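Taken from Swiss-Prot as is:
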- 193-226: repeat 'TPR 1' (REPEAT)
- 227-260: repeat 'TPR 2' (REPEAT)
Amino acid sequence: MVEQLLLPLWNNLATVDDETLPLMSTALLIARDEYPDLDANLYDTLVQSYVEYLRSEVEEISLWPLKMAAVNRYLFQKLGYSGNHDEYYDPRNSYLNQVFERRLGNPISLAVIQIEVARRLGIPLDGVSFPGHFLVRLPVDDGILVMDPFNGGRPLDAEELRERARPHLGGEAPDDRALAQILNPAPHRTILVRILRNLHSVYANTDRWDRAARCADRILKLVPNQPEALRDRGLAYLQLGHRSGALNDLKRYLQLYPSTHNVDMVRGHLVDLSNERIQTH
């Protein structure tokens with residue numbers, strides 16, 4: 001009997017430890033919101049077929065970087081997985097089932113596949129929630145090897161990493177200590193929240209507020225009372241005409257984050273919503 005891949009339940013995720021939160025199956029759970037007929041076992045079987053194809057080659061290699069090079073050659077050259085440079089903000093780039101089907105994705109979705117294949121082969125690959133584009137990292141004897149899944153798993157040296165980080169740090173390149181902190185392994189929860197934030201951004205920027213609200217709500221299933229997700233869901237509810245939901249979320253946001261830079265905007269919405277409630281009573 002073939003073991004079935006069981007997707008987790010949204011309402012249980014907040015209490016799951018970061019170390020045991022399943023990465024690929026929760027990423028597929030995110031995709032199932034948009035593709036309700038998604039067959040998770042199909043993609044689990046697909047990943048396992050990649051693993052079985054690679055197993056003998058990888059087991060004959062002793063060094064982690066060379067093992068990972070074999071994985072990258074297979075995924076990015078033989079199978080043709082690649083970054084979607086032409087339509088970077090296509091939401092399909094964030095839905096893992098679509099990345100498997102089209103072999104096109106964004107940095108974080110490609111990283112999830114890389115990590116899943118590597119881990120099943122015993123390779124300790126981690127994600128890096130790098131500013132701008134998501135990366136992956138592998139321990140080596142003298143430190144870590146950082147790779148770019150959006151560009152075929154290409155290795156990145158310290159100088160290129162500093163230059164990539166610079167625009168996101170006020171124009172300052174990080175020193176060695178700051179760079180090491182940026183390159184810390186990303187917990188699975190952080191990776192999943194970043195997938196959802198990417199999707200929320202795409203949907204909010206294209207006025208698809210029902211989906212934007214859904215993405216913010218899913219973040220709150222992973223991280224209850226996460227301030228930015230409360231704000232984002234509240235603003236999406238406002239656009240959808242769900243006034244009571246907007247009022248509750250935006251109030252809670254200001255309670256948790258009273259010094260936010262957008263306090264005036266949020267307070268303005270709260271005043272308008274409160275006035276509407278008074279007028280309807």
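Easy rule for this one: first residue shown is 1, then count along the chain.
Each residue, glycine too, has its Cβ placed from N, Cα and C.
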> What residues in the same chain, six or more past the boundaries of the repeat 'TPR 1' (193-226), come closer than 8 Å to it by Cβ-Cβ distance?
Replying inline: 10-11, 13-14, 27, 30, 33-34, 89, 91, 94, 106, 108-109, 112, 129, 134, 186, 232-233, 235-237, 239-240, 242, 252, 256
>> Using DSSP, what is the helix/strand/coil residue split across the repeat 'TPR 2' (227-260)?
In response: 28 helix, 0 strand, 6 coil
> Do you know the DSSP helix, strand and coil residue counts for the repeat 'TPR 1' (193-226)?
Replying inline: 27 helix, 0 strand, 7 coil
> Roughly where does the repeat 'TPR 1' (193-226) sit in mean pLDDT, to the nearest integer?
Replying inline: 98
